[in-house]
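Below is one structure, written out as structure tokens, with a few remarks after it.
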Amino acid sequence: MAALLGRDLLSLADLTPTELQELLQLATQLKSQQLKLRCNKVLGLLFSKASTRTRVSFTVAMYQLGGQVIDLNPNVTQVSRGEPVQDTARVLERYLDVLAIRTFEQQELATFAEYAKIPVINALTDLEHPCQILADLLTAQECFDTISGLTLTYVGDGNNVANSLMLGCALAGMNVRIATPSGYEPNPQVVAQAQAIADGKTEILLTNDPELATKGASVLYTDVWASMGQEAEANDRFPIFQPYQISEKLLSLAEPNAIVLHCLPAHRGEEITEEVIEGSQSRVWQQAENRLHVQKALLASILGAE
């Protein structure tokens, strides 16, 4: 996929609809076809936030492509002692071929990308989680064959996952509904970006009514009510978000063949019930596996593989 060769992925808005579809197609191919990088490459993981799926799936993806991985814990690098991001970026570019960053501020990610002359991948920020949404779209595509025209409903906190879902669905030609409590809506700038991508051809609905949002949806999605860094707010958020739990009752309002997604980790009994996450409509484990395949496709496209 020559179009992404050497490029950053800081946001799903960096992709065109065609590039998104080509990435999903390549991810599907890589489930049964082996590719190798054109020469031995090194991926650096610079993660300031805890990670299970993102860390392991990026590591395995790079190994399966024939590359190597260095796990750069910020706490044992000079970043933790105040070395400027721009200095760190200009050093790491001389050792690495690609850098995946998981951090709090989107601006820190953007600064790395500005100063490092190697590709930089957003492995999660407080604003966006693009790699997760690539896996979500691949999962929906596997379940419904075609995703254009489908409706995805997200219920819960208008966080980084909700932001990236709006962009991803707009690129994929899907309708997206975001149901949040008042005051917890997605980032307004990302909403505007998604609306510009959709260009009136698909629906982007923001509502405080989870039942309205769920009616007729083919994909029902949720995430934790308090993201990393918001743990102190968890007790205050619980009563506010309780009406936004994905339960069997809420799921019954969706299409009969609707699937349920959750980016994990899940707090059973909070944003989703045990019955739903373990139920017949849950595709959560397929979704988690697909992190490996979409990130392998992304690395192969950015670094070049054959």
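Numbers here mean position along the shown chain, with the first residue as 1.
Here the Cβ of each residue, glycine as well, is placed from N, Cα and C on the backbone.
Keep in mind that what you see is a predicted model, and the values were worked out from it rather than measured.
Annotated in Swiss-Prot:
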BINDING   Ser51, Thr52, Arg53, Thr54, Gln78, Arg102, His129, Pro130, Cys131, Gln132, Cys263, Leu264, Arg291  carbamoyl phosphate binding site
BINDING   Asn160, Asp223, Ser227, Met228  L-ornithine binding site
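In the three-state DSSP reading, Arg53 (carbamoyl phosphate binding site) counts as helix.
Within 10 Å of Asn160 (L-ornithine binding site), counting CA to CA, the binding-site residues Ser51, Arg53, Gln78, Cys131, Arg291 contribute nothing. Looking only at the binding-site residues Ser51, Cys131, Arg291, the one with its C-alpha closest to Ser227 (L-ornithine binding site) is Ser51. His129 (carbamoyl phosphate binding site) sits 12 Å from Asp223 (L-ornithine binding site), counting Cα to Cα.
Between Arg291 (carbamoyl phosphate binding site) and Asp223 (L-ornithine binding site), the C-alpha separation comes to 16 Å. Note: the Cα of Cys131 (carbamoyl phosphate binding site) and the Cα of Asp223 (L-ornithine binding site) are spaced 15 Å from each other. Note: the Cα of Asp223 (L-ornithine binding site) and the Cα of Arg53 (carbamoyl phosphate binding site) are spaced 14 Å from each other. Counting every protein chain shown, 28 other Cβ atoms lie within 10 Å of the Cβ of His129 (carbamoyl phosphate binding site). When the binding-site residues Ser51, Gln78, Asn160, Ser227 are compared by the number of other C-beta atoms lying within 10 angstroms of their own C-beta, Gln78 comes out lowest.
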